[in-house]
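Some notes on the structure that comes next.
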Amino acid sequence: MRIELSNVSFLYEKDHALRDIDAQLPSGKLTVLCGKTGSGKSTLLHLLSGLEKPSSGTIVYSEANPRQRIAIVFQAPETQLFAGSVRQDIEYGLELKGIPRQERLDRTSQALAKVGFDPAAILDRSPFLLSGGEKRRVVIAGALALEPDMLILDEPTAGLDPSSTKDLLDVLVQLRSQGLTIVISTHDLETFFPLADQVMVMLQGRTHYNGPARELVSSPHILESAGLEVPAATRIAYRLRSQGVPVDVPVSMDELLSALSAHKLSIRRKSLDEHPDTAPNAESGQASSGSGGDAPSPWEALETSGSLLKRLDPRAKWLGMVILSLAILHTSSLWGTLASLLVTAVILKAADISWRKTWKFLSPFFLLFIFLWLFAAVSIGSGDVSIGPFGLSYSGAIKGGIGVFGFLFIIALGLAFTETTSGVPLREGFEWGIRPLRRIQLPTRDLSMAVSITIQFVPWILEKVGQLRKALASRGQDTIGMRKWTPRQISFLFVPLLIIVIKMGDELVSAIESRGYDRQAERTSWYKLRWSVKDTWVSGLVATASSLLWWFG
Ligand SMILES: Nc1ncnc2c1ncn2[C@@H]1O[C@H](COP(=O)(O)OP(=O)(O)OP(=O)(O)O)[C@@H](O)[C@H]1O
């Protein structure tokens, strides 16, 4: 499959992740995509696979139905495994395509063999209990079982040991020789340059270079100006050339070694003092001590810039959040709901959060809230309108609607709060608020830590849900919206999500313990709470708005 991109740009919210990309990905070739972190590689892969649409520009595929013909393997393999056994996991995509049972099993076994497994030994194992390298190969087998025309791999060697990496490279070389078009995003230039038919270097969302790897290593300044390290073999070759050894610039260490075998090298020993590279670096000895004197802590530096809400003292935000939430919950009229909507909108604007982001954040709650709304409006037997055995009451519908919208506004306020307050200020502010409870022996410090971690977990979990949805969609689901998903597919989201959350919780506990967390010991805070005039003004405004809502809403 051949792909042609013309003038392709992509925006997340308001920020450009890709700008004006023009490129061709030739059929049956292996293209390596590299660039510094954040340069737009993963975004480009999502566009190529059809999981995202360009904000502008066009992507033309040489075949019809590209979504069905392109398989993508994302960065973290654990986000793509969801079934109880390796076999079920790989067969999932085939089931969606309506492939009969026996053919499914044959294709699954063949795909597992292609990535170096003994199918009989692994088919019934739980994918969650495999090692990182094995999980990655199972995910690739799942992609290959779909018999795609193009395979896209995002960081396939990250976290793999050298022998697993070599196994993976052998698989890729074999697949390319069978005509598969392969696109790989990677930071591992040493490993993939020797394989690449074409290299695309990304820089700040643009194509910085597009051409053969050999030309790229012949002009190492291109890699350097993109913030990438020139591969070791290339650097050694340049050093040798500068010292009079006539070697061609290689794309791999093997190539360099075989070029060197033609030369008789005599290595002159230099004393250490002659080496500028090994001279002690006076500046490096002056690393910052961390105590920093009056220098602001990392959190303080972060929170003195950005939106108005970001610059407020966390105590002002906690107070505002609590009194506004109480006032919103107290409203009982449609006017009160409209006023709450207005206040929430103003706060979201002050937090610089777009409507699109708010909508995306709230949408997972809609189903639950519609159910709660119906629950408030519908009763058995009585009501203003009868539908079979059920009755619909207008007053119940209005009361339920007011309550449901109130909760949605409070969740949106929570979004504004967590988006503008990082972990430490959030915890310090909360701890300050509940400090009086220490007198009744309440463990306020543990409580504030638990609350701050839990609050920060919410956006993280939503992001994981998004990744899992994309992983399922990449197996052949036609839409990445939730509406066309069956309950079984939705249930597939929960097992891996639960595993990810439990694993994250476990790692968090180990991290806290390994840092010597002692509940009794006094703590030195990195972050100083500072109340300013602006906090007083904003708190006054929020208190006035909350009082008006309370009395007139
Ligand atoms: N879901 C998102 N919402 C908002 N911005 C995003 C999102 N995902 C990525 N970005 C931004 O888009 C830009 C490109 O990100 P992308 O993940 O494509 O880079 P990358 O080159 O793949 O990075 P890495 O090598 O670290 O994986 C970055 O500035 C990133 O912060």
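Just so it is clear, glycine is given a Cβ too, placed from its N, Cα and C backbone atoms.
The annotation domain 'ABC transporter' is assigned in TrEMBL to 3-229.
Per TrEMBL, the feature region 'Disordered' maps to 271-299.
The transmembrane segment feature in TrEMBL is assigned to 318-349 (among others).
Annotated transmembrane segment per TrEMBL: 361-382 (among others), in sequence order.
If you look up TrEMBL, you'll see 402-426 (among others) marked as transmembrane segment. Residues 299, 302-303, 306-307, 309-310, 312, 314, 317, 321, 324-325, 328-329, 331-334, 336-337, 340-341, 343-344, 347-348, 350-351, 353, 357-358, 361-362, 365, 369-370, 372-373, 376, 452-453, 455-456, 458-459, 526-527, 529 of the same chain lie 6 or more positions beyond the ends of the transmembrane segment (402-426) yet place their CB under 8 Å from a CB of it.
If you look at the transmembrane segment (490-512), the same-chain residues 6 or more away from its ends with a CB under 8 A from one of its CBs are 78-79, 81-84, 92, 128, 453, 457, 460-461, 464-465, 468-469, 472, 482. Residues annotated as transmembrane segment in TrEMBL: 490-512 (among others).
Across the domain 'ABC transporter' (3-229), mean pLDDT in this model comes to 89. Same-chain neighbours of the transmembrane segment (318-349): 309, 355, 358, 398-399, 401-402, 405-406, 409-410, 412-417, 429-430, 432-433, 538-539, 542-543, 545-550, 552-553, counting only residues six or more beyond its ends whose CB sits under 8 Å from a CB of the stretch.
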